[in-house]
Amino acid sequence: MSYVLLLTLTLQGGLVTSEVAFEGLCETSGENGCDQICKDYATGTHNCTCRDGYNLMNDSKTCRYSPLQIKSFLQSFSRLELPPLDESVAHVTKIEILLKVWNRNGTILYGGESQDRRGDFISLSLENRHIVFMFDLGSGPAIIRSPEPINANTWYLVRASRTGKEGTLEVPGQNLASGQSAGNYTELTLQGSLFIGKHPNLSITSEHAMISRCFKGCVGRVEVNGQDLLVTNWYMYSNMNLARCRACSGGCLNGGYCRQEPDTFKCYCPLGFTNTRCKDAQDPLPTVPKFNGKSYLMYTEPEINN
């Protein structure tokens, strides 16, 4: 990033303006010292910032991961606007969203193609606490509904995916649901922003989509084709009436212990699972214990304790 300074010189009573360009400090490779993001200022100074989900340390350069900073959707018009999904979702679209809900109905996610209520779209919604996954490739929607309603105030890692016309919906503790879109089209085209929560203008959303007011609850992660959009697109989204959800219960998977922290919660995983929510199985299991200052081993077998 380069900046231009305007220097005003006085020559024989007249004013002459000269442009002098200088390279920003952030462009000086290896010298700005920022762990993640460097910001230049026209004053010739710079500072360091961090991606969403990270906190800047006291040295003003290093970023530390602050896990599970989650968004709370409080009102019927709460929303988070993300950039449109790119062409990588055309043939295969895999969505993972970690959420818990408080109400029975509402829009969770929507992305569309056009503004005439036609064309392609993809959505997740809540209908009488059933998760409904829909997508339209241009010739009629697939409507895939969870077999059972989900519980209020409970965390779920919902997986919705499609390959061509075929789609599936996976809700923990329920049978896999599946379906397919109508017609012969197999590619998904999305040109509009991706909205989490309420869409700001229902008059341009697909006439087939079952979207209305925003659901009420919390969202911890929105991942599309392996990319966490709340982290990678932190600098490109806008939001309205969001807060940080501080409810800890159920946020850790596979029996992980959850501890509330000021703006987040943290998972402590049982042996055999790892990642910030104890999502990923360890294979093979570790054979040599590693202690980080808060770790412990507890032996429960009677022959060991006696």
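Quick reminder: no glycine exception, Cβ is built from N, Cα and C everywhere.
Where the annotation comes from TrEMBL, it is an automatic prediction and has not been curated.
These features come from TrEMBL:
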type	residues	note
DISULFID	Cys248-Cys258	disulfide bond
DISULFID	Cys269-Cys278	disulfide bond
DOMAIN	69-248	domain 'Laminin G'
DOMAIN	246-279	domain 'EGF-like'
SIGNAL	1-18	signal peptide
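Location within the structure of each feature annotated in TrEMBL.
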{"residue": "Cys258", "record": "disulfide bond", "Cβ within 10 Å": "18"}
{"residue": "Cys269", "record": "disulfide bond", "Cβ within 10 Å": "20"}
{"residue": "Cys278", "record": "disulfide bond", "Cβ within 10 Å": "21"}
Reported mean pLDDT - the domain 'EGF-like' (246-279): 71
Cα separation, Cys258 (disulfide bond) to Cys278 (disulfide bond) (Å, whole number): 10
Separation of alpha carbons, Cys258 (disulfide bond) and Cys269 (disulfide bond) (Å): 9
